[in-house]
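Pulled from TrEMBL:
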TRANSMEM  12-31  transmembrane segment
TRANSMEM  90-107  transmembrane segment
TRANSMEM  113-132  transmembrane segment
TRANSMEM  161-194  transmembrane segment
TRANSMEM  206-225  transmembrane segment
TRANSMEM  318-339  transmembrane segment
TRANSMEM  346-368  transmembrane segment
Amino acid sequence: MKHGETPTLWRWLLVAAVVSFVPSLFFPYVGEEGVYTMTTLEMWHGHLWSNPVLYGNAYGRPPFLNWLMLPFAMTLGPAHVLVASRLVTALATVFTAASLFAFVRALGGTRRAAWLALLVFLSSDALLYHGWLAYSDPLFALLTFGAMASIMVAAKRKAVAPIGFAMVLVTAAFLTKALTAYVFVLGTWAVVFLRHPDARSTLLKPSAVLCYVAGIAAPFAWFYLTSRTGLAGHEGGAMTGDVLKRMLPANLLEWLRQVVSFPVETFCRFLPVSAVVAYGVLRGQSSGSSETRSWETTAALAAALNFLPYWLSPQGSIRYILPLYPFIAFVLAGRLATLNERTVRIAVYCVAVVIGLKFVALAVFPIVQTRQHGDAAAVAKSIVAITGADQIYTDDPSSAGLSVNGNIDSQRWPAAPITWVPADMQDGWLLTRTADRPGTAVVWTGTLGKERMYLLCSGRACAAAAVKAH
């Protein structure tokens, strides 16, 4: 084999991709990452293990990601809760890549095909961005893909055990984020059932049906145990309401823009490998078929079916389809394997370029992030110097507020986390973006990027501020 095609090079690319996650653990807050760092600290501080709260109010999401973050946060310390959060999500992305490798092998693919699928996945934006952010999506993707893949492996091997494993994984995925995990798995199950008649007897065995019943019952059991009100309870209602809300278009123009741009964006998330494969197929460079061609078609159809709701959803986001990334990588790698060796070599070099560009971005990203969005840690430090361990309230739900408040909670530990401002606040500090609240005085004014923030005092807090000023 030539150098560009050797497994040794591919292994080094894998090592480089995994290592590239390490610097991103220490970046400043991005977007709404404060949600899970703050809910984890509030869970820890208040010993609220089953119902996450944000700013002292029910968050409306299950706690599995918080549960996984807690041991790392307890080990590293509250000051490093963001590192702990990203460590969980980065590991989830790495394990997703490993699961994809095992999935291809379980379906009968060669080691070469499995390596190609892994490298295609690690050249997507799962490596560059969405795979390390402290959001629920990377862990949700790992668990949901694992469940979908297990259904396909069960059909391939005519075994029920993978179905039981799939139900465990889909339950964990639901406990990570939302009920939509079941939609992904149901769509995959339907495609497998229709395309592989020889697997239907396995999929409908009594033991398999028992697994389905247990898996479907899990959310109801969870809602009952946590709220005793089933799907009418706060958590189930919040999940259902959030999904339905995203199905409603803000306006027709925005929806049409989504319909046109979403497939294009998905294609771009796998550049440049997606372009190399498309070019090779269009030029008629394919020769023969891969060992897993039938299952590649199944994966492609399952991905397309599950892609459809997010494509047509007016408020769909690319991160919502992270569970489909391994299937997309599997299909692209399968097509790539049928192209000539020169095209495969070019694709591997493209993966190397993407990984190399990430290392360049690692040096630039934190600088750009701080210049554009400000230094949330420095703002938090200024506020903590004034408030000490006193109670702080907020009325700012923005991502900028989350970044500052997440830093404040971790810097002040074990002081009480920031909570939402009560209607009748008499004493305390209020971090806000509105300076003219009745009964308060402005103690501090600062900016975070383009956002202006104010620290207001009320009651005894104002007296304390006056003492500190003198």
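For all residues, glycine too, the Cβ spot is worked out from N, Cα and C.
Automatic, uncurated: that is what TrEMBL annotation is.
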In contact by Cβ distance (the transmembrane segment (12-31), the transmembrane segment (318-339); 3 or more pairs under 8 Å): no
Contact set, same chain, for the transmembrane segment (90-107): CB under 8 Å, 6 or more residues outside the stretch: 14, 17-18, 21, 24-25, 113-115, 117-118, 121-122, 126-127, 131-132, 138-139, 141-142, 145-146, 149, 152-153, 156-157, 292, 295, 325-326, 329-330, 333
Top Cβ-contact partner of the transmembrane segment (12-31) among 113-132, 161-194, 346-368 (pairs under 8 Å): 346-368
Long-range Cβ neighbours of the transmembrane segment (113-132) (under 8 Å; 6 or more residues past either end): 7, 10, 13-14, 17, 20-21, 24-25, 86, 89-90, 92-93, 96-98, 100-102, 104-105, 138, 141, 269-270, 272-273, 290-292, 318-319, 322, 325-326, 328-330, 332-334, 336-337, 344, 347-348, 350-351, 354-355, 358, 361
